[in-house]
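A.B. asks: This is the structure, below, for whatever I ask next.
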Amino acid sequence: MSYYDTIFNKHIDKIKSEGRYREFKSLKRQADNFPFAEYEDKQIVMWCINDYLGMSKHIKVMQASIDALLEYGVGSGGTRNIGGNNISILELEKELADLHSKETALVFTSGFVANDTTLASLAKIIPDIVFFSDELNHASIIAGITSSRAEKYVYRHLDVQHLEKLLQSVDINKPKIIVFESAYSMDGFFSPIKDIINLAKKYNALTFIDEVHTVGLYGKQGGGISELLDCSNQIDIIQGTLAKAYGTIGGYITSNYNLIDAIRLTAPGFIFTTSLPPVISTAATHSIRHLKVSNEERIKHQEVVTKLKNSFEHFNIPYLKNESHIIPIIIGDPIKATKVSNMLLNEYGIYVQHINFPTVPRGTERLRIIPTPAHTDKMINDLSTALVHIFAELDIELSSTKELNKEVRLHLIA
């Protein structure tokens, strides 16, 4: 192994030298005290987890999980292809189809798998299909399109004019699919969904939208931005996750019967892997049902988002301004971003993980703040004042949001 260890060590050392080495903190979350967690025998406040609404600890969701555990046991017993469908996963798929006003749905073990295996399989099902993908699409989308080996075009981030030019360059009779996200996880910007839908109609293309960061949070029932804009019925495939706003785990797609059935019969990421256990699918179903009728969590969430953004404006903290709940604080240097994260945790009891290249472009290294309904005014003030002190200590300049947005967009274009 010595020869191979040398290769591994060289790879690790290179990442360390670039300030990109990732250390995973050992945390103990507290279901009865969200958003607190225990770290090295100290209580800390978490500001970076994707349990957006705290549904992982909601009493209805936890009780549903307990009941399913006692009724069905821990595991699912295998693949659906061999072991069949547990009734709980069929109920979940019915809820998801209704959530997005689609005929049916298909559940996967994660959002990554849902994107990866669905997109790769579409290329097997539809001969000569051409992919059109936003340049900042998630790694799971990139993986699926890449493994499909199909013809692909990458359009500039959120640039519908560039997208149209690329569409114009392809034979109108060739099958096409436009793949994009409703909200981009690292900058929080929304896609121009209606413009993309119009282009898809004009150039005879399918549409595939990733709503993982918006389901549960936007729309009357929590159906995401497509529901908020009342255009779910104009999008061919809506993909989402159960692991963020719904507080469990898993991913899914929703569409018409024929498309879903074709994916079910083709996608290796569905066929050859153990299905979600009933303890998870049942909990997810109850989480979705609750958020379909309750706006309390969404309203409180938006209130906290607004308060935090106002606080950052007041202290001139350089966050990337957007219309979503995702609040990136741009540091612009990998070493300093890591230091800010470590100082917040060790000196102030605040946990915010830094985000460095390759997750974001070089020069736009950042902290990504994720507010929840459980974050208090005191927590907001503590975070803001801690950042001001740390920025001063590390000689990081405070800058206006307007100047920052221009600077970051130039990085993205470059």
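Glycine is no exception: its Cβ is also placed from the backbone N, Cα and C atoms.
Below are the features listed in Swiss-Prot for this protein:
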ACT_SITE  LYS244  active site
BINDING   ARG22, SER133, LYS152, THR359  substrate binding site
BINDING   SER185, HIS213, THR241, THR273, THR274  pyridoxal 5'-phosphate binding site
MOD_RES   LYS244  N6-(pyridoxal phosphate)lysine
A.B. asks: Do any residues at least six apart in sequence from HIS213 (pyridoxal 5'-phosphate binding site), in the same chain, have a Cβ closer than 8 Å to its Cβ, and if so which, in order?
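C.D. replies: Long-range Cβ contacts: GLU181, SER182, ALA183, TYR184, SER185, LYS244, SER324, ILE326.
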A.B. asks: May I ask which of the binding-site residues THR241, THR273, THR274 is closest to LYS152 (substrate binding site) if we compare their C-alpha atoms?
C.D. replies: THR241
A.B. asks: Determine the most Cβ-crowded residue among the binding-site residues SER185, THR241, using a 10 Å radius around each Cβ and all protein chains in the structure.
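C.D. replies: Most Cβ neighbours within 10 Å: THR241.
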A.B. asks: Using THR359 (substrate binding site) as the reference point, find which of the binding-site residues THR241, THR273, THR274 has the shortest Cα-to-Cα distance to it.
C.D. replies: THR241
A.B. asks: Who sits close to THR274 (pyridoxal 5'-phosphate binding site): which same-chain residues at least 6 apart have their Cβ under 8 Å from its Cβ?
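C.D. replies: Same-chain residues close to THR274 (pyridoxal 5'-phosphate binding site) (Cβ under 8 Å, separated by 6 or more) are GLY75, SER76, GLY77, GLY78, THR79, THR109.
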A.B. asks: Looking only at C-alpha atoms, tell me how far THR241 (pyridoxal 5'-phosphate binding site) is from SER133 (substrate binding site), rounded to the nearest Å.
C.D. replies: 20
A.B. asks: Report, in whole Å, the straight Cα-to-Cα distance of THR273 (pyridoxal 5'-phosphate binding site) from ARG22 (substrate binding site).
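C.D. replies: Per the Cα atoms, ARG22 (substrate binding site) and THR273 (pyridoxal 5'-phosphate binding site) stand 29 Å apart.
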A.B. asks: For the recorded positions listed here (ARG22, LYS152, LYS244), tell me which residue's CB has the most neighbouring CB atoms inside 10 Å.
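C.D. replies: When each Cβ's neighbours within 10 Å are tallied, LYS244 leads.
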A.B. asks: Sequence gap of 6 or more, C-beta under 8 Å: which same-chain residues meet both conditions with respect to THR273 (pyridoxal 5'-phosphate binding site)?
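C.D. replies: In sequence order, THR79, THR109, VAL113 meet the Cβ cut-off.
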